[in-house]
């Protein structure tokens, strides 16, 4: 029973928030919005901006330093997956279906309501692309990468268990395996469950809206529950076949499919303008990177816009990064630190910028240059169906929409199967969990998603997940300090191995799962 303390604790914590969301979704929404927009916005916005930038800086520092040549594993270990498959899996896990829905919506929403200046102008269109790159670029992927790097380093270089508390042993000693470590792992599992649950529930609502808009299949609770059960079955089957089969092949297929969709829109859409948007947006992003990273409104004292965008994204990235980082760590054995950072932070950032320039840039072109205000109105009224209205603007739209639905399903499955794999790792304290635990976690995720979907508590829980990034960011900072301390030991030629200290602890002190 002691071995399951963390799992039971995480389930209890999750149940409390789920019951709150089911019984009083409005109150939960009010409380979570107050914490995000008022408490965090007014008191900790500066901290969120500093932390998000710090993660990027640490990643770049270790990648470009002498530590960049350190291998995540033994010096003789080779990567388990080829580079394309590795990037495909981490990219699919890190973005899921948000790539499509926000690909159209975010640039348009910020064109209408920019962080500064007047909206619905050519200048605000450029600002919208600049900030879209900012939100989906180095800061988000840096949060995923730093957690994944530290986990992979300790897991494969220092032979620890795949648990977050074990990365803190160089800093906290045996206390990392006591109540502090258990509490950290409880928070980690809660972050993973709440993140994927809201993604599943909101994703089903979005896909259901698309089915209704395109084919007239009513987007009601019954059909949404059927869709949840269908997707859950798919991602459990995929996870049960293992990383080297289901997750690997689905990720490869999906990246090829997404690239095909993007290339079609690039060719059939305003090609010249897309290239201009990409080049101009990249220049604006790089030129204003530092100012955006530290931008606040200390004299205006109104953080409503930043709380809804910057602070929400950084909190969500840290919270969701627990799962993404753990999964990236699992598939990165044998990579060097430098290769890991380039593959997990820089390449996904570049790929995302190209994607948003193509999808979001085309949407903005339709509105700004062609005067298609109907697209903007649809995004404001119902973002879920706006994606499919946008796709109907292109030739062969039925084929394009069908391919998009397939990609949406696979994107979600590859994200969710990675999640149950990570939860299985936590509950069994192994990098290769059994199918029994994967099925159990899949059922938990589906049950929570259905309960919150029926009660209307999904969006409040999503805000809670973003808010959870605040306390967990402190844990990640401690992880960074522990990681750098261990790197310095390697620099000094030390044969420091956390595993030795771990093994010297009593069994009861190490039971963290």
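Using the three backbone atoms N, Cα and C, a Cβ is placed for every residue, glycine included.
Just so you know, TrEMBL annotations are computer predictions that nobody has curated.
Taken from TrEMBL, the feature transmembrane segment covers 5-24 (among others).
The transmembrane segment feature in TrEMBL is assigned to 44-64 (among others). Sequence-remote contacts of a segment are chain residues at least 6 beyond its ends whose Cβ falls under 8 Å from one of its Cβ atoms, and for the transmembrane segment (44-64) they are 138-139, 142-143, 145-146, 149, 293-296, 303, 306-307, 310-311, 314-315, 317-318, 337-338, 340-342, 345, 469-470, 473, 476-477, 480, 484, 487.
Outside the transmembrane segment (84-105), and at least 6 residues removed from its termini, the chain residues within Cβ reach (under 8 Å) are 136, 141, 144, 148, 199, 203, 206-207, 243, 247-248, 250-252, 254-255, 258, 323-324, 327-328, 331-332, 335, 343-344, 347-348, 351-352, 355-356, 359-360, 363, 379, 383-384, 386-387, 390, 404, 407-408, 410-412, 414-415, 418. Per TrEMBL, the feature transmembrane segment maps to 84-105 (among others).
For 133-154 (among others), the entry in TrEMBL reads transmembrane segment. Same-chain neighbours of the transmembrane segment (133-154): 52-53, 55-56, 58-59, 62, 70, 72, 90, 94, 102, 106, 160, 162, 164, 166-167, 281-282, 284-285, 289, 292-293, 309-310, 313-314, 317-318, 320-322, 324-330, 332-333, 335, 337, 340-341, 344-346, 348-349, 352-353, 356, 476, 479-480, 482-483, 486, 498, counting only residues six or more beyond its ends whose CB sits under 8 Å from a CB of the stretch.
What TrEMBL records for 183-204 (among others) is transmembrane segment.
Feature annotation from TrEMBL assigns transmembrane segment to 224-243 (among others).
According to TrEMBL, the feature transmembrane segment maps to 250-269 (among others). Away from its own ends, the transmembrane segment (250-269) comes close to residues 84-85, 87-89, 91-93, 99, 238, 354-355, 358-359, 362, 365, 394-396, 400, 403-404, 406-407, 410-411, 413-414, 417 of its chain (Cβ-Cβ under 8 Å, at least six residues beyond either end).
Positions annotated as transmembrane segment by TrEMBL: 311-329 (among others).
Residues or ranges marked as transmembrane segment by TrEMBL: 341-365 (among others).
What TrEMBL lists as transmembrane segment is 399-427 (among others).
The transmembrane segment annotation in TrEMBL covers 439-458 (among others). Within the chain, the transmembrane segment (439-458) has long-range Cβ neighbours (under 8 A, six or more residues past its boundaries) at 11, 14, 18, 20-23, 25, 28-29, 193, 196-198, 200-202, 204-205, 221, 224-225, 228-229, 232, 235-236, 239-240, 416, 419-420, 423-424, 427.
Residues or ranges marked as transmembrane segment in TrEMBL: 464-484 (among others). Using a Cβ-Cβ cut-off under 8 Å and counting only residues 6 or more beyond its ends in the same chain, the transmembrane segment (464-484) has close neighbours at 17, 28, 32, 35-36, 40, 44, 47-48, 51, 54-55, 58, 62, 143, 146-147, 149-150, 153-154, 164, 167-172, 184, 187-188, 190-191, 194-195, 198, 311-312, 314-322.
Counted as Cβ pairs under 8 Å, contacts with the transmembrane segment (311-329) are highest for 399-427 among 5-24, 224-243, 399-427. Beyond the transmembrane segment (399-427), the same-chain residues lying 6 or more positions past its ends with a Cβ under 8 Å from any Cβ of the stretch are 4, 6-7, 89, 92-93, 95-97, 99-100, 162-163, 185, 188-189, 192-193, 195-196, 199-200, 203, 207, 210-211, 214, 231-232, 234-236, 238-239, 243, 246-247, 250-251, 253-254, 257-258, 260-261, 264-265, 323, 326-327, 330, 387-388, 391-392, 433-434, 437-438, 440-442, 445, 513.
A Cβ distance under 8 Å defines the sequence-distant neighbours of the transmembrane segment (5-24), meaning residues of its chain 6+ beyond its ends; these are 182-183, 185-186, 188-190, 193-194, 426-427, 444, 448, 451-452, 454-455, 457-458, 460-461, 464, 511-513.
Listed by sequence, the residues of this chain that lie at least six past the ends of the transmembrane segment (341-365) yet keep a Cβ under 8 A from its Cβ atoms are 56, 59-60, 62-63, 68, 83, 86-87, 90-91, 94-95, 99-100, 103-104, 106-108, 111, 125, 128-129, 132-133, 136-138, 141-142, 144-145, 148-149, 258, 262, 265-266, 269-270, 273-274, 277-278, 281-282, 285, 328, 332, 335, 375, 390. Using a Cβ-Cβ cut-off under 8 Å and counting only residues 6 or more beyond its ends in the same chain, the transmembrane segment (224-243) has close neighbours at 89, 200-201, 203-205, 207-208, 250, 330-331, 409, 412-414, 416-418, 420-421, 424, 432, 435, 438-439, 442-443, 445-446, 449-450, 453.
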